[in-house]
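Below: one structure, written as structure tokens.
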Amino acid sequence: MVFAALDPLGVPLGTAQASFGTDGIRGRVGTLLTPAFILQVGYWCGQVLPDQGPVLIGMDSRSSGAMVASALTAGLTAAGREVWTLGLCPTPAVPGLIRKLGAAGGLMVSASHNPPEDNGIKVFGADGAKLSPAKQGLIEAGLRGEAIGDKGRPTITSCGPAYQRNELLSHYRDALLASVLHQRLDGVPIVLDLCWGAATACGAEVFAALGADLTVLHGEPDGRRINVGCGSTQLEPLRRAVIERGAIMGFAFDGDADRMLALDGHGRVVDGDHVLYLWGSDLQDRQALPQQRLVATVMSNLGFERAWQQRGGVLERTPVGDQHVYAAMVESNAALGGEQSGHILSAAHGLCGDGVLTALQLATLCHGRGLSLGEWLDQSFQAFPQKLVNVRVPDLERRMGWQHCEPLQEAVLAAEAAMGEDGRVLVRASGTEPLLRVMIEAADSAAVEFWTAQLADLAEQHLNRGCV
């Protein structure tokens, strides 16, 4: 029976303006993410997720994480769901444990690479994949106060139980080691930047278990310093440590450890495109890459695409967001895909972005070939000059509707015409931050600088002054 959503929790519904972005619901704690709103999110997740099995909740190290997880637990149990909280863990641990334990779904409390004052909620279904847009829409409808199948006001007899199950993280650690067949890294000098975040739960532990000679930066959970001047968005601390310690590789993670960027021994960046090329080449050499296909996003470098084509490979591009990469990989039966930013998805390892697993794969593949990461990088490709500028556009309507700004659209067309087949223009409104991202890529670095400045200036001038 379907009932109207008439305040089943005693909390006013329909007042929060929130929706799923490219990576869940995300925002400033105390502004969007209030206890009352988070409780509603938990409740409506409980209505939408399958009825059988527990719902798992993991979290990164943010100071607000306990509040968010507690409010989600209250909402889920009010919907009659059984909740197992995992404590501090990387995001990929949640979908991995969903599949292993037969859970109904899971939620990860994290704002990924965002600053400490933000937080977010990622929702996974019973298959371990992020919820489909249709199911996300049902949760959004519930938050607006619309009828989606509410079971009525919770009662003492209808509330579900909640259990703390931190010990389950050991299954994830075991899976990480099994992913590289327990290959050894004895004495290999490696630096890890754990970002004060979720990677501190197991990152150093698994590398140490393989015998690596480790240097660990930002290696304790710290909710006030997560992502601050460190991790995959701030590589300079890792670069200094790699060079000073004479390491042959270094890995930096973001706040929830679902992505990773690497540095070679000279401090050169190994981004997601390079990881896809190197790991994909290994799979191709072993005839383990169906259709010679890799899946990447529109952000991936043109130099990567052309080099992969020269190897006889196919590069399929998707919109930005690992959920789009996931969908394309499932549809085309691809073995490997990911984003330039460092989200890498492997069909053999659960099709979920996993920074620690990717770092282990890269380290063991290099070591197994008798190469340093720099030597292997030299065998990859020469990236086209590429520049990304973030233009702050707080107004959501103007940001999402940038295509209707005639001066900006005309400049985009002019840039594309000027660069021809040797360049690309990508303008994209962020789904998680108040930013318009302007990316220019071309064989000519001067063209990159010129058109990036032109488009960024036009976006700043017009979108923040009422062009749309």
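Numbering starts at 1 and runs along the chain as displayed.
Note: Cβ is positioned from N, Cα and C throughout, glycine not excepted.
Values in this document were obtained by computation on a predicted structure and should not be read as measured data.
The record from Swiss-Prot ties Asp254, Asp256, Asp258 to Mg(2+), and of the options Ser70, Ser112, Ser132, Ser430 it ties Ser112 to that site too. A coil conformation is recorded for Asp258 (Mg(2+) binding site) in the three-state DSSP classification, outside any helix or strand. A coil conformation is recorded for Ser112 (active site, phosphoserine intermediate) in the three-state DSSP classification, outside any helix or strand. Recorded residues Asp258 (Mg(2+) binding site) and Ser112 (active site, phosphoserine intermediate) have their alpha carbons 8 Å apart, per Cα-Cα distance.
Listed in chain order, the residues near the Mg(2+) site other than Ser112, Asp254, Asp256, Asp258 are Asp60, Pro90, Thr91, Ser110, His113, Gly197, Ala198, Phe253, Gly255, Ala257, Arg259, Gly353, Gly355, each with its Cβ within 8 Å of the site Cβ centroid. Comparing Asp254 (Mg(2+) binding site) with Ser112 (active site, phosphoserine intermediate), their Cα atoms are 6 Å apart once rounded. Taking only the Cα positions, the spacing between Ser112 (active site, phosphoserine intermediate) and Asp256 (Mg(2+) binding site) is 5 angstrom.
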